[in-house]
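Features reported for this protein in TrEMBL:
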type	residues	note
TRANSMEM	B:7-24	transmembrane segment
TRANSMEM	B:36-59	transmembrane segment
TRANSMEM	B:71-89	transmembrane segment
BINDING	B:Gly79, B:Thr82	Na(+) binding site
TRANSMEM	B:101-121	transmembrane segment
Amino acid sequence: MRYTWTTHSWVVFFMAGAEGREARMSIGLTGLLLVAGGGALGGMGRLALANLVARRLGAAFPWGTLAVNLSGALLMGLLAGVLGPSAPGGPGPLWQLLAIGLLGGYTTVSSLSLQTLTLWQQRRIHAALANLLATLVVGLLALVLGWWLAGGPA
Amino acid sequence: MIAWRAYAAVGLGSALGTALRYLVSLAMPGLAGPAFPWATLAVNALGSWLIAAFAAYAARRTSGRMARWQPFLVAGFCGGFTTFSLFGLETLQLLEQGRAGLALAYVLLSVVLWLAGAWSGHRVGHRAAARA
């Protein structure tokens with residue numbers, strides 16, 4: 001790997017072995033920091049909401065993760081409707097901060113997978129399926145609703 | 001653990017996980033083509049494996065050392081690395097492009113890999129803790 005300093009960013013060149021061709025890509029340091037900063041805020045927001053929901057509704061069912069993913073999907077739909085998904089030529093800084101960073105880091109699949117597996121292992125098959133299906137179906141509908149509310153062509 | 005420490009650990013872990021997910025998304029289109037969201041598929045499956053492996057390992061290692069890493073690694077790194085909202089957006093984009101079959105395949109393949117990842121991670125973590 002070879003690092004070259006430019007005025008705006010570090011440009012990282014590296015070789016990728018796809019059919020012996022040389023792949024070259026540039027990673028803006030600014031973009032990476034925006035994504036990481038958004039991800040930090042998103043993760044802390046997820047913790048706050050999950051804790052709040054668990055205090056109110058208990059920890060027998062993963063309501064916290066469900067609330068996070070459904071609200072995150074709705075907000076992602078709104079954001080995609082307002083900003084438009086990543087434009088040609090790469091995503092802009094607002095998209096990097098809010099979509100890839102904040103909402104990408106706020107929502108989670110790892111907790112969903114683990115909690116579904118745990119419910120299954122506790123032989124709470126219906127709860128496991130309900131958790132998975134509610135996240136997928138209501139989550140995708142929330143995303144479409146957000147997109148539609150923000151004027152997206154859905 | 002004092003609340004602000006948990007938030008700091010989760011924030012730091014989530015920043016790292018999110019940044020790594022972004023780097024994977026930049027690296028993978030060049031290797032696999034932009035037609036299908038391989039990068040999100042990969043990070044979500046890998047994150048599901050990692051969280052389950054850690055949880056199964058930590059559950060059998062009751063010393064406090066593992067538990068201290070939990071906010072950073074579980075809610076932080078794994079939480080930030082994986083993403084549901086971008087998965088949903090990618091599904092919507094495939095539908096918008098009139099590729100409904102591909103959208104359905106993406107959702108089904110994702111769910112299978114998430115759960116298979118968690119299941120496999122659980123087994124590996126469980127065995128590793130038994131050996132340690």
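Glycine is no exception: its Cβ is also placed from the backbone N, Cα and C atoms.
All annotation found in TrEMBL is predicted automatically rather than curated by experts.
Remote same-chain residues near the transmembrane segment (B:7-24) are listed as 39-40, 42-43, 47, 71-73, 75-83 (criterion: CB distance under 8 Å, separation of at least six residues from the stretch ends). Residues within less than 8 Å, Cβ to Cβ, of B:Thr82 (Na(+) binding site) and separated from it by at least 6 positions along the same chain comprise B:Gly17, B:Arg21, B:Val43, B:Asn44, B:Gly47, B:Ser48. Spatially close to B:Gly79 (Na(+) binding site) yet at least six residues away along the chain are B:Val10, B:Gly13, B:Ser14, B:Gly17, judged by Cβ distances under 8 angstroms. DSSP assigns B:Thr82 (Na(+) binding site) to coil, not to a helix or a strand.
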